Amino acid sequence: MTDVTPANAARIGIGGPVGSGKTALIERLIPVLQARGVDLAVITNDLVTKEDAERLRRSGLIDPSRVEAVEAGACPHTVIREDPTLNIAAGDALEARFPGLQLLVFESGGDNLASTFSLDLVDWWIFVIDVAGGDDIPRKRGPGVLRCDLLVINKIDLAPHVGVDLEGMLAEAARVRGGKPVIATNARAGLGIDRVADAIGRAVLFTP
């Protein structure tokens, strides 16, 4: 029998502004994807700490050795877009450590609406915004909102408390994105997480 070298793990990015719920989304996605048999690992990016990585390692949701941290310095977008070599190296190290790895999740440091991922780093990426940031975020048409493969609007439970018209915000997001997918979530409560996992599966894991 001829030996077959396994394909490299699929690589996805999760970006968005500070406090939008990126880490909370990952914490909810990990058990859902693992329950579907997905072998995964996570690379976090913080400015000068490893705070998000340590949070995931302490969570009990994933083997701590499957979480790597990249310290991005003053510009979190640089290490996911202009020069992603640190993240690429971290991903390669995890693939070498876990040969059966199917999915690598790269969490960007908190950034602004201009944050995007290099396609040298990821195959597909999610941008997370939240209703507390205001329902005008989709109208501002930042590159993160427009170019991501999936836009997640998080913290939808807060909409009535911050005066946001959630249905209008979702409709505006769908309009400016030209029909590309938008999913509403409450990551802390687990609402919408299965839909995000489904989107990841269809896009990069080739599940129905």
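Placed from the backbone N, Cα and C atoms, the Cβ positions cover glycine too.
According to Swiss-Prot, the protein has these features:
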- G16, P17, V18, G19, S20, G21, K22, T23: GTP binding site (BINDING)
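A Cβ within 8 Å of the Cβ centre of G16, P17, V18, G19, S20, G21, K22, T23, the residues given for GTP, is found for these other residues of the same chain: G110, V128, D130, N154.
Neighbour counts of Cβ atoms within 10 Å were compared for the binding-site residues S20, T23, and the top value is held by S20.
Sorting the binding-site residues G16, G19 by the number of other Cβ atoms within 10 Å puts G16 first. Working note on the binding-site residues P17, G21: by count of other C-beta atoms within 10 Å of each C-beta, G21 ranks first.
The binding-site residues listed here are V18, K22; among them, K22 has the most other Cβ atoms within 10 Å of its own Cβ.
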